[in-house]
């Protein structure tokens, strides 16, 4: 039977509950209590030798400490920071001098520290009670020792102990700590600060002060039968040895604290809970090296308060303090929540939650205590309303803060985090609603009482003082309407001359002190309504009105530009008896108004563009309007009137053409005086402009930036007699200069007529020219040779009908000359058939002419051909701009990048493959030459089709456009033909996609419109001699059985439009839905381009 191994000098088996250490010599294990080694000391031992091995191997050696500035008494390196709590830190802290706490600590006898005293004076500063007499505090006799604490609390009680030198917490039994306390050789500095003994036998020896019992929420409002037990924070025992130090902290939950020193002495380092100090504390506490920074060095003042034996110190909510124990000390303490500083308690609680601090003196169930207090306040409000009394102001303010906290805790996203502390059987939503109602009733009642008090006083000074206090700080509310000022100033003008001194109040050299925070809080709560009440009650008194007008006039004159100096002369008088009393108040308001005007002007200039210096006077004129001076317009913005100015200066009525719409787009963009959002500083608040500048329209404008880039590299344009060379000067060019559009080019005689009648022919031509211009951007003479001569000849005739200028360049024998000739045709074509396009397309034509170096001889040579193409000037084209806000951008998106079927993207690199020289006709385009030429060709080819149809079956005679479905046109456009057609690949004239798509679009228009306009027919017959015969005769010779591809489209789809019989029959029929107007028909026809290229 194996024996159980034994260890240590006591030769006992291994015990898991006892600390043991191994000897490095004999490798045996020893209990720490048997060999005198504490568990906390073991990490510092490098080599341990048991008592038996010490005789042969020597004593144990400790680790070499390299951070004496942190944990040891040795010399500290100058480079490394001092650790808080180390011996070097304590030494420096003792030698440092601090401001005396006499300035902030109130010394009050215990008998005077009552509830009435606290409500009257508040509890915002520490209170030191020299003796416990009259305080109601019960503590043991001074002969009470630490050993007595062990006896009454229990030696096995586990306590949290702070290692001061390392600023770390550990747990020990009370017996072990008491043994350490009475030991003569203290190797460490240990501190017990959170021994709560309210549930032990020692609780009967200690009772908190009476004032704490009366103020504490937990003592008064927490039900005894609640499911959650009361927080045990009222009775703490502090056992601190010499040089114990607790770093700066805020008590958990923002609770107030009381300390009574039974034995020894304690030193408190107190810091006010100002907003800046709390922010600094939060930043310091969240730093990883906060234990190496003394927080008192970061604030303006830290007060030193020494509490000696028998004294009691009360520390209010939110105060940041640290404690030092110069000698061994035994003290008692407690924490409590109260209604005198609810706001500070809530703020400290939020800071604690953000920092996620694990304080040793945690206030458990803080939110539960707040809920119980809220329920009590609701009952108190109801009782006060029934009795006709008013609750104290601090309770009303505390109820508002609590109700706001309740709302935040019960929000949907935060409820899961806070519902654990919600008391049982509570209806939070109902409590919040009822409490808000009672608060509102209480505030209304208090405001109703206030005018009565003012009436009893019946003094001008009192009225003026109330008016000054309750006047809101907003410059808008402080300024009456301009019309009221003018009326009063007219009446007061005679008094102005007599009173030179009181009217012009001198500017004080130093600004007066701002009002205290409690006053501003009251002003925030009901400032607006209080102001109204005070104005109504004080309106009959003339001195008040004079004073207000005098101040308002001076404030306005300082806000106005220097040229408005008339306001300085009309100064209102103030009676002599009121000048002495009110001069300081007026100066205060004057400083406030002056600061606001300067800050507003500073923000305006900071956020404005360079032209803002020219616009500031106009804006200040508008600010003087009655709208800006309206008292009810509390939240009006600085540039709210700028919107009115913009609406007056909006675009004039312009042509509905495409570039007319683009010009409107340019003019719509207001000339900005500031950035997209203007922030106006108003006492530290930022207000956002109600009408921001819309930047959305800038994105499409950048799409046209390639036109500007093109202009930068173009050669100097050639001066021509028929084109205005000064067209580059635009009256309404934008500041950025990304797109310049000529608006001064002289149009033709018929241009204004068509412009006024809403014609869109100009816009369509401009679209074609823009498309041609983009399509020809990257062509050069060496890119690729042209197509065969027969193909060029056929396509040239077709494009001369359509006036598609860019593709002429691919038909010339010499590549570069063809480009110049095509641009010449483009320039003259726009001049001849301007119809409203002269103003908008002039600059693009000049750019095109400048790039291709137009020859004047070629220009005259092609003039006759173009004259024959444009004989339909009496035709009125309906506008297409209603499809999109910016049709030029929509139509550009329909273009193709190359000969592929992919749609054109404006952001992609423009460079179509050769020999294609032009883009297909874009959506919204209608060119008269295409209609007339193709209609005439269709008329001739339809007769040939009629002769062929006699030899065919009866089913083919019934072929009409009414029976032709969209699938027919789709299949034809995809390259399939009917029985009378041939594949498009066999026809040489169909090798250019631009010409085929142009012809197909117009042919589809004729075929799908059963009742075309009569102008179209007359024009097509008149132009048939040139367009049809001159172009197609050679191509159609000997091929009567196989007509050309354009004829295929027109023959299959247009017999009703070309045949007189079908035309007469069609007039009797009702037009199709969506095909009544030319605009509808054209829009329907142009959709065939979306499926890809057309093969004829």
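Cβ coordinates come from backbone N, Cα and C, glycine included.
Within the model, the zinc finger (5-56) shows a mean pLDDT value of 86, rounded to a whole number. Swiss-Prot lists 5-56 with the feature zinc finger, giving sequence analysis as the kind of evidence.
Among the features that Swiss-Prot reports, domain 'JmjC' is placed at 197-353.
Classification of residue 251 (Fe cation binding site) by DSSP places it in coil, neither helical nor stranded. Per Swiss-Prot, Fe cation binding site is recorded for 249, 251, 321.
Per Swiss-Prot, the feature region 'Disordered' maps to 447-634 (among others).
Swiss-Prot lists 474 (among others) with the feature phosphoserine, giving a large-scale study or a structure entry as the kind of evidence.
Marked as phosphothreonine by Swiss-Prot on the basis of a large-scale study or a structure entry: 479.
The annotation compositional bias 'Pro residues' is assigned in Swiss-Prot to 503-518.
The feature compositional bias 'Basic and acidic residues' is assigned by Swiss-Prot to 548-563 (among others).
Taken from Swiss-Prot, the feature compositional bias 'Basic and acidic residues' covers 578-624 (among others).
The region 'Disordered' feature in Swiss-Prot is assigned to 646-674 (among others).
Swiss-Prot lists 655 (among others) with the feature phosphoserine, giving a large-scale study or a structure entry as the kind of evidence.
As annotated by Swiss-Prot, compositional bias 'Basic and acidic residues' applies to 665-674 (among others).
Under the heading phosphoserine, Swiss-Prot lists 681 (among others).
Per Swiss-Prot, region 'Disordered' is recorded for 719-799 (among others).
According to Swiss-Prot, the feature phosphotyrosine maps to 728, an assignment based on similarity to another entry.
As annotated by Swiss-Prot, compositional bias 'Basic and acidic residues' applies to 729-757 (among others).
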Residue, out of the binding-site residues 249, 251, whose Cβ gathers the largest set of other Cβ atoms within 10 Å: 251
Neighbourhood of residue 321 (Fe cation binding site) by C-beta distance under 8 A, where only residues 6 or more apart in the same chain count: 248, 249, 268, 269, 270, 271, 315
CB-centroid shell, 8 A cutoff, Fe cation site 249, 251, 321, site residues removed: 248, 250, 257, 315, 319, 320, 322
